[in-house]
Amino acid sequence: MTRSRLLPLAGFALTAVALFAVAPAVLSDFRLSLLARYLCFAIVAVGIALAWGRGGMLTLGQGLFFGLGGYAMAMHLKLADAGPDGLPDFMLLYGTGGELPWWWEPFRSPVFALAAVLVLPMTLAALIGFLVFRRRVRGAYFAILSQALAAAFALLLIGQQATTGGTNGLTNFQGFFGFALADPLNKRMVYFVIAAALLAVLLITRQLFHSRYGELLVAVRDSEERVRFLGYDPALVKLAAYTVSAGMAGLAGALFVPAVGIISPALIGIVPSIQFVIGAAIGGRASLAGAALGAIAVAWAQTTLSEEFPAAWTYFQAGLFIAVIAFLPGGLASLRHHLTRRRTRATRPRPPTGTPAAEGAPA
Amino acid sequence: MTVLIGQSFTGISIGAVLLLIALGLSLTFGQMGVINMAHGEFIMSGAYTTYVLQQHLTDAGTSLLLALPAAFAVAGTLGIVLERTLIRRLYTRPLDTLLVTWGVSLLLQQLARDIFGAPNVQTSTPGWLTGRITLFGGEHPVTLSHARLFILTLAVAAVVALTLTLRLTPLGRRIRAVVQHRELAEASGIATARVDRTTFFIGSGLAGVAGVALTLVGPIGPTMGTNIIIDAFLVVVVGGIGRLRGAVVAAFALGVLQALVEYSTTVSLAKVTVLIAIVAFLQWRPQGISTVRTRSLA
């Protein structure tokens with residue numbers, strides 16, 4: 001096995017050990033639940049690494065898909081808490097006339113809800129992507145559109161307070177598929193589910209990166225027209241990456257709900273949507289480990305530093321973000337690459353100047 | 001019927017605000033292909049300029065009129081600083097420019113919070129802008145407040161001034177040349193870097209003027225930029241790049257659509273409807289309403 005194949009495998013094993021053995025043993029219940037929250041952001045970041053890092057689609061609206069997954073899960077948990085024929089508590093408060101809206105009804109079924117967590121965001125992303133990529137809307141146009149969609153979704157949720165909980169969102173969940181969420185042991189279980197999901201997402205994305213499809217995706221990013229002239233349909237290639245990344249965001253949103261206990265418009269609007277991108281950008285947009293670790297680190301720094309020094313943290317975060325994007329577009333993950341390249345350039349003797357073609361030319 | 005007309009007037013006044021906030025953006029995006037996410041914070045700087053002037057001058061009328069050139073200068077200067085320090089380095093990476101300027105907008109927001117405090121502030125409206133005029137009497141009277149009328153006038157004045165500048169002045173000729181073909185313009189002896197700087201100054205300055213106008217219709221706060229920037233971008237996306245005409249049509253069309261849908265449903269549903277309409281529109285014309293024709297594939 002070559003070094004290039006061994007290294008990611010070792011990294012993956014190391015991550016698995018850290019997530020499943022070290023973290024639960026070292027961290028308190030509170031810290032572990034915080035980590036669970038960061039891991040959800042990491043799942044979103046992996047999707048962004050796929051769509052943006054490899055596919056060149058700067059998606060500033062992952063909050064939309066995160067929210068769809070989150071609300072699908074939250075609606076089911078609310079209905080399960082209320083029992084058969086019961087209404088979620090907030091609906092009694094705002095008064096929907098004692099009726100459950102029709103679009104809430106299917107979420108009583110756990111199977112439907114779990115399927116919706118992936119199917120809803122992916123279907124919507126496929127629809128948006130189909131409409132947008134087919135007409136070659138891209139670059140900044142796509143970024144702005146995706147951001148506007150996330151903003152509109154948040155606004156829509158706020159506006160429909162009686163059926164969506166409005167600004168407060170959905171919160172106060174008692175159980176998670178029969179397990180009481182108040183029990184710390186079950187909280188740990190949720191953490192393990194999230195860690196497993198992150199590992200699965202990392203594996204899938206790595207396979208995608210190294211498949212022929214992954215090569216094609218990078219080709220589309222770097223020169224869409226050339227790929228088109230070679231006979232491929234760039235719209236379909238981009239569509240697939242965008243849809244998969246939406247599915248990941250949906251999954252993350254769904255897992256976020258039992259881990260943190262709330263989903264609300266404030267967690268999915270413009271600002272959180274860009275926060276998702278910040279983590280991936282600082283860590284390294286095209287690198288799986290970079291994006292995931294970046295998301296975790298930024299989320300961790302956000303909770304620890306912003307509580308103590310809110311103003312200084314904003315300056316620091318914005319400054320770091322600007323510096324990385326402007327001067328190190330590959331993110332911190334590319335630092336190693338920059339360093340090793342510099343070293344090899346310094347030590348290796350310069351290649352001979354005369355090229356074979358020149359030497360072979362008739363004198 | 002009068003209700004419809006009334007909503008159309010509301011739409012036009014929404015459109016005037018949209019046009020003011022999108023005008024500068026359309027200029028810079030059109031020329032440099034650069035999305036400046038800090039545009040919203042430039043608008044905020046204009047609004048705070050008005051606030052500061054009013055604190056010192058106390059008379060709302062003179063301070064408002066003085067704020068127009070002052071805000072233009074303040075926001076324009078911010079724009080030049082941003083162009084010199086960051087955007088200039090990133091011309092070949094438009095998406096990264098978008099992200100970098102978003103970082104800048106975070107910085108500026110926090111700066112505003114540190115200087116003026118997190119809560120919103122208010123400016124008082126001068127007396128000559130507090131009344132309303134009645135367009136149609138009767139059962140559903142159609143009225144238009146003086147403040148809205150002022151914004152409409154300001155928007156029209158800005159468009160006229162910008163059009164005249166682009167059409168008649170040597171600077172305008174150079175700007176149009178760079179928009180149409182950057183390399184050829186450069187080859188013809190136009191200092192494109194200097195033109196870029198000037199365009200950025202004007203575009204950002206217009207954001208400052210928009211900020212002055214916004215003080216008449218809403219509160220001034222550190223996060224005011226975030227809320228308006230998306231609407232402004234949508235105007236640019238629909239309008240198409242490189243031409244003012246598109247931005248004008250798009251601003252009023254979106255404003256009227258928003259107002260009409262809002263009347264029959266709610267504000268949030270109206271926003272969603274407008275967005276769906278935009279995606280549908282882009283199916284038909286992906287390049288926006290009007291655009292400079294080029295032979296490039298993009």
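Note: Cβ is positioned from N, Cα and C throughout, glycine not excepted.
Caution: TrEMBL annotation is automatic and unverified by curators.
Feature annotation from TrEMBL assigns region 'Disordered' to A:340-363. Among the features that TrEMBL reports, transmembrane segment is placed at A:35-53, A:111-133, A:140-159, A:165-182, A:189-209, A:239-264, A:276-301, A:313-335.
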Closest-packing stretch to the transmembrane segment (A:35-53), where packing means Cβ pairs under 8 Å, from A:140-159, A:189-209, A:239-264, A:313-335: A:239-264
Surrounding residues of the transmembrane segment (A:140-159) on its own chain - C-beta under 8 Å, 6+ positions past either end: 57-64, 67-68, 71, 128, 132, 165-167, 169, 265-266, 268-270, 273-274
Contact between the transmembrane segment (A:276-301) and the transmembrane segment (A:111-133) (3 or more Cβ pairs under 8 Å, separation 6+): no
